[in-house]
Structure formats: structure tokens, C-alpha cells
Amino acid sequence: MSGNIYMDIIASQVSQGNFGGKNGQFGYLAKDKSRREKKLTKETKFEAPKKKVEEKFECNVFIGSGTAKSTDSNGLSDPFVIIWSVDAEGQPDKSLFKSKVCKKTLTPNWDEKGTLKLKESYKSLIVELWDHDLLTANDFIGRARINVDAINIKKYSYTFKDTISVYDGEISTPSGTVYIEITNSSSTKSFSSCA
């Protein structure tokens, strides 16, 4: 827009082919309008900031045997394991792995393998032990945290092996244990456990 309504009307009519079109006596108005619009477009062009590409890598996980406190009326539990990622703010991000349910036992043996897809921003992993219930909500048994330490191991494979004690809030007495192995052969992270 030039600010002069009459000039804008004439320029608009010239663009539509009236008054001899762009080659007619008022053709320069359409060309000026076109230049002004291009200039405005260049000046107001918005470029979104480029996102940093976050490194991602995979680790193999093995969930072995463990223990679980009794949560069912029959004196047993139906335990299963969930592994969660933890974001940069320390909050659970998403479920990375869920084991099968071992029915009616206090000494489960999952003997299960899987893959964890990790991101560079993950600071730790949470291992949770749950009791599966069919008719009611699952019962929480306990949780533990595995820290993801920034150690350069690009040239070496690394395996974290530990029987992790999980706690339901009372730090003094574990409510269960989970044997876990995390094998990392191609990334830049190693793992250590903490309660």
C-alpha cells in the first residue's frame, strides 16, 4: 500500500489488465506496487531458529530375576517392571520398556530382553516395580533411579549390571529388587545406580 488510496486503486486495476495493463500509461504503478510488496515480504520474512539435533542412541536391556513384596490378598504379587526416561528437568518423560507380568510370585524371574531408545538429554532412568491387577488399578511396589553419567566411551562397549533395590517411599526398607543389565556398545554414556 502506498498510503494514497487512489493510487492503490489504479495500481490494482492495472494489475488486473485495465488501463492498458502493465504496458499501459499507468503500468509503472503496478510495477511499483509489486516492488513494494516484495520489499515488505523480504523485511518481514521470519526464520524459525534452527533446533539443535539431539543425539539418540540405543542400549540393550535385560531384566532378570528379583523380589517383590506381597500386595495381593493371596499373599503374593503379579510383578512387572517399567523403565521410564527422565527429562532435563528431572521429570519422568516417557515409558521406554515394560516387562511381562510374572503371576503369583514374590520371586519373579522375567528373563526378558529389549531395547532402550535414549536421548542425549536424559539425565537418568527410573525403574519401577508394579503389581498387575485385572479388576482394580495396578499396585505400586517401588522405584529406583539409574543415573546416566556423561563419560565418553565411544571406543568401548559398556555394560551396567546391578540388582537394584526399589523403594515405595520408605528409604530404610526396600519393597523389592530387580536385576538389570544395560549394554551400550556404540554411544557416549555409561550408567550408575543410586537409590
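Just so it is clear, glycine is given a Cβ too, placed from its N, Cα and C backbone atoms.
Residues annotated as domain 'C2' in Swiss-Prot, with sequence analysis given as evidence: 38-161.
The Ca(2+) 1 binding site annotation in Swiss-Prot covers ASP72, ASP78, ASP131, ASP133 and is backed by sequence analysis. Annotation note: ASP131 (Ca(2+) 1 binding site) sits in a strand segment as assigned by DSSP.
If you look up Swiss-Prot, you'll see ASP72, ASP131, ASP133, ASP139 marked as Ca(2+) 2 binding site, on the strength of sequence analysis. Mapped onto three states, the DSSP output places ASP72 (Ca(2+) 1 binding site) in coil.
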Assigned conformation of ASP78 (Ca(2+) 1 binding site) - DSSP reduced to three states: coil
CB within-chain contacts under 8 A for ASP133 (Ca(2+) 1 binding site), separation at least 6: ASP72, ASP78, ASP139
